[in-house]
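Step one of this worksheet: look at the structure below.
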Amino acid sequence: MNLNSIPAFQDNYIWVLTNDEGRCVIVDPGEAAPVLKAIAEHKWMPEAIFLTHHHHDHVGGVKELLQHFPQMTVYGPAETQDKGATHLVDDGDTIRVLGEKFTLFATPGHTLGHVCYFSHPYLFCGDTLFSGGCGRLFEGTPSQMYQSLMKINSLPDDTLICCAHEYTLANIKFALSILPHDSFINEYYRKVKELRVKKQMTLPVILKNERKINLFLRTEDIDLINEINKETILQQPEARFAWLRSKKDTF
């Protein structure tokens, strides 16, 4: 399998997974034009679309793509049924696409129906986890999002996190505002800044590395706990997550 990315809008990535024959699955096509261009350039043969949630920048291109490739199956949670999904999926489902088995995880938080698609090593996580951050809570609760992130955090170390936005630099600046002396975060900041100066993407990321630099995955880390304790004593990791998320919302 080969992983490809298509830039869209200001900071979205549309992921395309292809096999050796050029058959492909398209993840969260927020707009059709760049996808159609890439399909023509690479002579890909689309078989399916994966939708993680209902927001327009993830589903806006579905109906136009179906006009060009009506044979495609569009997988998505119930909240995407009116956005073009033809095959509804839910937590624990498994589907077979391009000869590979994908497992579905419900990851409520950003939206209530958000799902992720996993076929080792690829995780298509939409707007649940970003490098150095996580999605805003538009519909779900901090507790729901925390549990969703813990599902992702339990995956194998070499999982490739394929998130949908280039938010890494801003996220790492936030992380440094909380833990300014953290060596892993500082090293990652230098790397990410260099990539972005060259207009290169920072994704995908490896889960093992993400655990070191993403504060939202470090809610039981003693350095972070000590920093939070300077402002408030929070005994539960979920409460520390909620504190972090509120800080990020106003950063």
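Every residue gets a Cβ built from N, Cα and C, even glycine.
In this view, HIS55 (Zn(2+) 1 binding site) is surrounded by 22 other Cβ atoms within 10 Å of its Cβ, with every protein chain counted. According to Swiss-Prot, the feature Zn(2+) 1 binding site maps to HIS53, HIS55, HIS110, ASP127, an assignment based on sequence analysis.
Annotated Zn(2+) 2 binding site per Swiss-Prot: ASP57, HIS58, ASP127, HIS165, in sequence order, evidence recorded as sequence analysis. Secondary structure at HIS165 (Zn(2+) 2 binding site), taken from DSSP and collapsed to helix, strand or coil, is strand.
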Intrachain C-beta neighbours of ASP127 (Zn(2+) 1 binding site), sequence separation six or more, cut-off 8 angstroms: THR52, HIS53, HIS55, HIS58, HIS110, THR111, HIS114, GLY135, ARG136, CYS163, ALA164, HIS165
Residues flanking the Zn(2+) 2 site, with Cβ no more than 8 Å from the Cβ centroid of ASP57, HIS58, ASP127, HIS165 and excluding those residues themselves: ASN12, ASP28, GLY30, THR52, HIS53, HIS55, GLY126, ALA164
ASP57 (Zn(2+) 2 binding site): tally of other CB atoms within 10 A of its CB: 19
